[in-house]
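Let me begin by presenting the structure, written as structure tokens, before commenting on it.
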């Protein structure tokens, strides 16, 4: 330790002197980091578990292909670096006990599936890698003989290893090595490190889409997107906890700053320059906060690691380790350092402003008049903007932007208009005191009102637009459904079983026609008529008026239903019981033939689901040569009625069963959902900002008015008059925030022009938080201030 | 010698100092005047902690260095406050050594004892924290701290304002000794006529203007 007093000894002496502050800041830093990082570690570990699970299930290979096409399968069997996997629901029997398992038969020992926890991977035919849960349930130990039956596959073997599925605690699988040349081994998917499209023999089936494949990166991305509900909910929780605790931390610093100012004054009296004195104190405080944060981060990671089994169990997962998120702690520490570095120029600025306030009282007398004038201009702009919103044709023009601009100006002016009114009806001396107190609060109330108007208007307008847009458009698929397209016909049965195992009951399947030679599309009869009248057979050249307005897919695919079934079509494409048909044979987007056909309306069709479904033996199928192409589209109709965990497991199962399929989820965030998310985020951010401004600004004023507060007590003022004084003072914030809220919704609603769809409720948050924070400031004002002496 | 040449300090609504021209020799000078007459402003101007609107201040012919965000003011001047402003988390010894360190003056524990002795405090007090001492003792530590800096000019703003009669007597005695025996320039702003009488010279400020002491 240096013998210089101004070195570390000064820091240590400060820490000892400010023990309670040191402890509080350390504790806040600790809680801030442990909450943020702990939650982030749980989220990160859960996300990694999902990705690790899929990666292990694909044996670490880079590409996955699925097909039921015999020619493609023959080509695949002839390739050296391609590994086949046969997935089947089956049973495993050991020592008289039988249990259901997903059987994964592999033909080569070099393909290692699953996360090994004990023993070895299968190396010889008959070797079985069994999930821990199944082994425990059936009391199976390493080396025990087992019998496996799945579809046509029946084999006996020996358990050589145990595995876990990190994303599914209850997964029950058996990976068995079989003779890759046996007739029983019929892979449903193939894995390889080589791009399948590079294989000459596979290009044609891939082009004809009788075989589909995906890179594992795409699947991993899909797996990462396929978050269980709890993970989606957890996504913004660490940031939210960070913001809330950060506000608390800053508020504590603002309160403590009064004591630090005394310490700095003493250091200045000892001959230290202001920059050095403030820098020294803030560096010590930052150091304490960082120590707390580091300790909190380490403690959180240690706790999550120690309790990874129960924590992952709560999430129905099975973690073998944890994934430490680096972004959150780095961001937290960087933010702490940046804020502490900004605190020095901010302190300097405050000192300058304080001096300027004394020197420019004349200018300050002008400020209210300027603000009131700005408010008057704002009212005029707002009225002009609203008038433009109320255009008779219902479309607002560019001048409508004047409404929110005017609203912001009015919001900024409200406190300057309200402040003089607060002292009305009070005795002269009390009135002067109210005016004095209100004057210092005006800038804070003004900034808060601007934040409330800006964020509430944005949140309300965006939510309204999203709701209105969604109401005006037809759904892309049946509500609550999950659509899997281009799944091989061979995998459909497995998918049905998987869905039924997790509680699903309604499954609808359409076969996708072979479109190698021609593509048949369905549309409205009006569009077909337009094409015929315009003599142009490219739909791209038609005006918008030709297209059916309400259809989610104005030109849609035709698929095959069950033999003998009636023709059904998207109701938005039907006109007088008919739909239009267009046949495309070339690649230039020009229809080679136009026709129409009768169909019954089926509300389920349209959007991501086909626009027309015909029987394979129907006239349309025969006339346009529609034949099954080997893949299907499956609609899991009651998907959202499954539990969130079951939904997640079905989605994961689809990725495994049909890695080449494309999926569309009725619960996926649509553009409207994303708009609403943006609106909600703006609402929350506005609330946090309003809270921050009122708490920090109001708190600073409470501290600054300590002498006034003390004087009121010294004068013998009873609590009643003091409460009335505080109420009138804080009324400035309450009235400004409430008026700003009213102004925001009036602006968002175009002064009543927009009706019908909801504005949501989150636009209320910024103003409500500001009002709530105002009451906290009022309570702080009424507290007896501490004496000035340390 | 301190020379103030036509110093005026002007705010938008008041003039705390108006055309003050003054020479201050080594020894003790009292500055008296009613509240708001400009006493503290005069001391801040001499210490370089405030810039005059008009005029100049020099010590031994060299202009006083102004305090700024990165500078604490002129190192030739030490300022003593009515509320002592000792660093509350440092001991007496550390308070004294810190002041010397910040002025880059080499001082040892012996110098601390010497400074405490000069203000009439026992060396046993060196390890005490300010909050464990009386007001008079803290003010004497503040004077000792000024001595540790080796500054030839010591300014005291109402140094006895918060002290009882006995402590006022002791503090005045210390300041007078420093002026007379050690030939430092001591300037004391005070309301107390008793303190002013003990000084070598007494100046009176009325509405920012200098008047001969009555």
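Here the Cβ of each residue, glycine as well, is placed from N, Cα and C on the backbone.
Annotated transmembrane segment per TrEMBL: A:236-260 (among others), in sequence order.
Listed by sequence, the residues of this chain that lie at least six past the ends of the transmembrane segment (A:281-306) yet keep a Cβ under 8 A from its Cβ atoms are 11, 14-15, 22, 25-35, 37-38, 41-42, 45, 249, 253, 256, 260, 263-264, 267, 321-322, 324, 329, 332-333, 336-337, 340, 343-344. What TrEMBL lists as transmembrane segment is A:281-306 (among others).
According to TrEMBL, the feature transmembrane segment maps to A:326-344 (among others).
According to TrEMBL, the feature transmembrane segment maps to A:365-386 (among others).
Residues or ranges marked as transmembrane segment in TrEMBL: A:398-419 (among others).
Long-range contacts of the transmembrane segment (A:684-708) within its own chain (CB-CB distance under 8 A, at least 6 residues past either end) are made by residues 240, 243-244, 247, 250-251, 254-255, 257-258, 433, 436-437, 440-441, 443-444, 447-448, 451-452, 454-456, 458-459, 730, 733, 737, 762, 765-770, 772-774, 776-777, 780-781, 785-786, 788. Annotation comment: TrEMBL describes A:684-708 (among others) as transmembrane segment.
Marked as transmembrane segment by TrEMBL: A:729-749 (among others).
Summarising the annotation, TrEMBL assigns transmembrane segment to A:761-782 (among others).
Here the transmembrane segment (A:398-419) has Cβ contacts under 8 Å with residues 367-368, 371-372, 374-386, 388-389, 435, 438-439, 441-443, 445-446, 449-450, 452-454, 457, 731-732, 735-736, 739-740, 743-744, 747, 750 of the same chain, all six or more residues outside its ends. Beyond its flanks by at least six residues, the transmembrane segment (A:761-782) meets 448, 451-452, 455-457, 459-460, 463, 679-680, 683-684, 686-691, 693-695, 698-699, 701-702, 705, 709, 719, 722-723, 726-727, 729-730, 733-734, 737-738, 740-741, 744-745, 748 of its own chain at Cβ-Cβ distances under 8 Å.
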